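Asker: For reference, Swiss-Prot lists these features for the protein:
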type	residues	note
REGION	1-188	region 'Enoyl-CoA hydratase/isomerase'
SITE	Glu118	site 'Important for catalytic activity'
SITE	Glu138	site 'Important for catalytic activity'
BINDING	Asp295, Asn500, Tyr658	substrate binding site
REGION	310-718	region '3-hydroxyacyl-CoA dehydrogenase'
BINDING	Met324, Asp343, Val400, Val401, Glu402, Lys407, Ser429, Asn453	NAD(+) binding site
ACT_SITE	His450	active site, for 3-hydroxyacyl-CoA dehydrogenase activity
Amino acid sequence: MIYQGESIRVDFIEPGFAELQFDAKGSVNKFDQATLEEFSEALTKLQNTDDLRGVIVTSSKSTFIVGADITEFLTLFSDQEKTRSWVAKASRVFDQLEDLPVPTVGAVTGFALGGGCEALLACDYRVADTTATIGLPEVKLGLIPGFGGTMRLPRVIGPDNALEWITTGKNNKALDALKVGAVDAVVEPENLTKAALNLAKAAAAGQQDWKAKRQPKLEPLKANDTELMMTLVTAKGMIAAKAGKHYPAPHKALEAIENGAREHREGALTAENNAFFDLTQTEACQAQVGIFLADQAVKGKSKKYAKAATKEIKTAGVLGAGIMGGGIAYQSALKGVPAVMKDIKQDALDLGMKEAGKILKKGVERGKVNNEKMIKILSSITPTLLNDAVKDVDIVVEAVVENPKVKGSVLAEIEGVIGDDAILTSNTSTISITELAKNLKRPEKFCGMHFFNPVHKMPLVEIIRGEKTSDDTVNAVVAYALKLGKTPIVVNDCPGFLVNRVLFPYLAGFAGMVDEGVDFVGIDKVMEKQFGWPMGPAYLSDVVGIDTADHCTVVMEAGFPTRMKRDESSAIAKLAAAERYGQKNGKGFYVYGTDKKGKPTKEADPATYELLGCEQGKKLDADEVIARCMIPMVNEVVRCLEEDIVGSAAEADMALLYGLGFPPFRGGPFRYLETLGMDNFIQLADKYAHLGEIYQVTDGMREMAKAGKSYFDTTSAK
């Protein structure tokens, strides 16, 4: 044995040829700080090993290396000096691999991402098996490769290909990597180690010039000035169009490659180190790393629920066809759970099947679904007018009109049809699950299952626990949501649950400005272009449906009569009364139509200004617009955490990211609060407290700020 550590071992695989194998104790290999130390120690041992002729780098697991240990990042990045030292030292460990006095071959199976890909790039040769996926996804964390990726990849596959890989963060299958020269061969999994060893032997025997293969990675980039300039200019345009100003990582990746292009290895690595460090101190990086960690926490919690499930969902029933019902039935059938779609009208059933067919047709056009699979999925949806058709299903998702009396009646009726062990759920967006359960004989078998529209695209499903909902029911429904490919987040019952409860104070803040005569178009521009929402509040209201939003204000007022009191003179109420329902009937805040080419159009309507009494072009300072929209949202999500509606700040952040499209570079409402600083937020909110209760922070937040605590410390949020 040449070296034995906790995560790495090195030994001769046969005389003269050593295998450096990653074998972490966990389920995957990753470069945490301890593993990087071991990597350096192992390479030092190899450097000093006599009679060494070649080295292959492998993994004992079904995947190679998934990258750095992201759980260490936020703590590490909070110390600037430590961060600078860490990235400089860590990147030089990969130089040790590249500088070994013998040929090196990386053997990749499964995922080789981030640092895993960078370890491969430090090898002279790379062999992948057919399961391999290789990539540098750091931009998705607001970062760039930090272990030499921006220096080595352009020298291996060319600057144009490297820029595409690095600035998009895309994963690449083995054969695609082979086409651009990122790997030298692709073999079947059972032949991987043998192929890597044979290549090392061939290089050691002089049949391959491994020194010539290594040399370009040590020198300035081999591209003439004109070629390089054209590549960089093209990349700058693409990055500006795709990443925009809110995501600095792709811009920094380009900067690192440009600054290092004419440098030898050390100079190019220094350029990368500097760019990497700069990004670690940005709000976007803190937010995007926070999202990753929150997503992992949410997934881990969901898996625990699902693991505890005693009932497996094999068949589903959907009550109410239409757009939502059709979408739910489609998603269930797509993921292998046959669905019975029941409605009282044939027209609605036809619409539901049409919705499923429309989604599948787009999949066929894009090459994601073949005709055979399309037919199979559609045949897994059974449209019916008969209640008895759902009597044997394992779960029913009610998706009828958002009316408590109608829902209550439908749920009670279907409960009498399904088996005693079947689970009943409601796809309500605001109505109390506890109240709906009062009509049921088995309330413990009932919960909310709130999908978001369009169902096939939106990842979030809120699982709402009523007062009498059993743990077994929640566990089974979470497992079903996971089977559907969704991200379930369990919340406790209250009007609006989590997402809509938090949304309506935000819309109320917006409406307050419109009531003062401020141009809604200007507000939308600020919230989209500067804050980063995919849609401003006026446009969002039109997409949700003005009538739907207006109806929800009635429900929210019933639950929170002072804080969310409905105002008949508000913009939403006025538009609803004028039957301007938004996109669904072509007119809301905006008017909707199509241009000569059939593309959808959205324009401000003079009639809207007249109806609402607001003035075209009247603006507020952008900071005030953001404050008046966002303070109510943050205050409400804090209340939800303090009242135990949602279990953690991480879950709340992910719910708003996945359910509302909260700007990822801001990380969610709690990460946004953390970035602003709680003291600063309180000071800002107090400035607007005279506008109403939605602007007034909780006593709990004041206590948290005084104690210097964070809502990400879950023990402090209860």
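The backbone N, Cα and C atoms fix where each Cβ goes, and this holds for glycine too.
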Asker: Round to a whole number and give the Cα-to-Cα distance in Å for the pair Val400 (NAD(+) binding site) and the residue listed as 'active site, for 3-hydroxyacyl-CoA dehydrogenase activity'.
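Answerer: So the alpha carbons of Val400 (NAD(+) binding site) and the residue listed as 'active site, for 3-hydroxyacyl-CoA dehydrogenase activity' sit roughly 12 Å from each other.
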Asker: For Ser429 (NAD(+) binding site), what is the secondary structure by DSSP, using just helix, strand and coil?
Answerer: coil
Asker: Within the chain of Glu402 (NAD(+) binding site), which residues six or more apart in sequence place their C-beta under 8 angstroms from its C-beta?
Answerer: Thr428, Ser429, Thr430, Ile431, Thr548, His551
Asker: Going along the chain, which residues six or more apart from Lys407 (NAD(+) binding site) have their CB under 8 A from its CB?
Answerer: Glu398, Val400, Val401, Ser426, Thr428, Ile431, Leu436
Asker: Fewest neighbouring Cβ atoms within 10 Å: which of the binding-site residues Met324, Val400, Val401?
Answerer: Val401
Asker: State, in Å as a whole number, the widest CA to CA span among the substrate-binding residues Asp295, Asn500, Tyr658 given in the record.
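Answerer: Overall maximum Cα spacing for these binding residues reaches 20 Å.
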Asker: Which of the recorded positions Glu118, Met324, Asp343, Asn453 has its Cα nearest to the Cα of Asp295 (substrate binding site)?
Answerer: Asn453
Asker: Whole-number answer please: how many Å between the C-alpha atoms of His450 (active site, for 3-hydroxyacyl-CoA dehydrogenase activity) and Met324 (NAD(+) binding site)?
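Answerer: One finds 11 Å between the Cα atoms of these residues.
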Asker: So, three-state DSSP: helix, strand or coil for the residue listed as 'active site, for 3-hydroxyacyl-CoA dehydrogenase activity'?
Answerer: strand
Asker: Any idea what the Cα distance is from Asn500 (substrate binding site) over to Glu118 (site 'Important for catalytic activity'), rounded to a whole Å?
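Answerer: Cα to Cα, Asn500 (substrate binding site) and Glu118 (site 'Important for catalytic activity') are separated by 43 Å.
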Asker: Roughly how wide, in whole Å, is the group Met324, Asp343, Val400, Val401, Glu402, Lys407, Ser429, Asn453 that binds NAD(+), by largest Cα to Cα distance?
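Answerer: Output for NAD(+) binders Met324, Asp343, Val400, Val401, Glu402, Lys407, Ser429, Asn453: max Cα distance 19 Å.
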Asker: Let me know how many other Cβ atoms fall within 10 Å of the Cβ of Glu138 (site 'Important for catalytic activity').
Answerer: 29
